[in-house]
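Okay, so here's the structure we're looking at.
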């Protein structure tokens, strides 16, 4: 929660209620934490401290918080599932208000030609919801500041900024109500993404790494600026001929003045206007191609890729550094729990050097820890498998190695049949070759759908004869049903449902069966010339399309069967799970730029008087905003702004947006779009690419090591994200752990 720093006077020292007695060396003085009527109260306090410290270790949280009984109770309530869900929902709710607030996004389309007047909430409705959210955030920052103490709070820049953002938001909220929601700008909208950032430690680390990479990125950015300026000057000098019509056309279109020439080459840096920008002069003289090829080689293929290399170099150790920090927090939490529990054992012992943790104390603590029953059972079994006596430091730590494994429930045993025929049938349809046959049938079904899509490409849906395709779909769906029943017979119902792939297949098979029965009930059995009129909600073609979509989706079942594809797919899934911080950063920059874009460009894109103007007559230039009918791309509401920013981030035809908003809003609008391109396409996309490379290379290079570990653990567990990297992570030293524990601001160590 905060960095480890030593207070000038620990809150729980002897002067504040400690007993003042001497303690065995290296043992936390639980009795010095709070005055208690007897040993039983001190013992309960120590056990509660151990529970919280173990939970901190499980969740990789900092242990630097208050350790008295009242604070421990509040701490556990704050980090309970319900409290964190309320906080996460509040963050989601306050961010989602942008879709409902004026200008509202509650319209069917964002096209300025067809959009109707949206429903606007009355003044005070969204403000009331926002006030509730701000109250939750005020309670959040109050609890956090109390739990870590004032000395830690005033040294934590994120919590101080949290308080400032809350105060500014509250003042802006008061201004809104006083102006009856008619204020031109709401500053608090720009501050809302901060609530998302401050609640994620990974997002904070990501921002720190981005800040660390800024000097190197700035150096490459300077080279890019010099490159752009030099070629802009060269271009304006080259394309100013008076006799060559091609040169004059190039100058008037792309190099008319310095800002326009600079914008043209900036867009060419992203290759969005290539080769359009080259064609006017290249059609007259092929030698002019050298200018554009040289610019693209130096800028796009060298300097832009150099930017990617610099960001990757800065982030190549980011994943390992994050995992190393997580490992340190886990080891620190478990070590602190050991010392607290060993202090319970120290009560009444005459030989402190023989102290350790009693197994019964540990089991009592384990029952209170918020942990799933599977992990609790695994740790309990591991504890019972050892001999008697006190737990040493190493033995205590080894028990918590189970946290680094995902316990996998064993599949239920297969049913036993007495009949030899049934046993043979069970063997045949329970064999993995039967899965291969199912994959082959799914592939055949997909091929038939593709064949009919090609054959009927030029036939209107109302004129198609779905007789053959309908018969084939019936056959395949009946096979899927038979496959599901035979697998359930071979594995048993519980065994069948214990495999996620079977649940996936079975669910889609049932949906397909229901759709097929509904189709047959409404439109009858397939026959030649099977083209009935629409009955009910969906036509026959719509029903067939829906069935085909589900069949194509069911084809994904083959991925786990292909080892190489399965490895790549699992790596992608792991990346998605571990990329929440970077997804959060993307949400933040989208949110901020969308709010700024609404403030700057709302209402500047106006629908033409004749809605068919751009597509019928030739009064608009080819390739312009109007001719391409980009009318839905605007900043008239929050949802439309997000889509517009996405289209610009892809940089395909983004010169169209630059030209349109320069004409509609003024030349200064280009600054906004260029900044968005720098932040999204250059920094964030390269950052995301660097993290993908870092994750994928580590997983790919260690695939043989991963497979060997999986073989060892396949019966009982799966690996968490740290386990494949255990060979490159360094275990914290004993001195490092003791030193950090000795500087704990609230847990007074015995000296």
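Each residue, glycine too, has its Cβ placed from N, Cα and C.
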Segment assigned the feature region 'Disordered' in TrEMBL (from 1-28, 29-56): 1-28
Segment assigned the feature transmembrane segment in TrEMBL (from 546-569, 618-641, 642-665): 546-569
TrEMBL lists transmembrane segment for one of the ranges 392-412, 581-601, 707-727; which is that range? 581-601
Stretch of maximal Cβ-Cβ contact with the transmembrane segment (289-312) [cut-off: under 8 Å; candidates 78-100, 507-526, 671-693]: 671-693
With the transmembrane segment (671-693) as the reference, find which of 159-180, 467-486, 507-526, 581-601 contributes the most Cβ pairs under 8 Å. 581-601
Taking the transmembrane segment (467-486) as the reference, which of 78-100, 159-180, 507-526, 581-601 gives the largest number of Cβ pairs under 8 angstroms? 507-526
Could you check if the transmembrane segment (78-100) is in contact with the transmembrane segment (507-526), meaning 3+ Cβ pairs under 8 Å among residue pairs at least 6 apart in sequence? no
Whole-number mean of pLDDT values that fall within the domain 'Ion transport' (432-696): 81
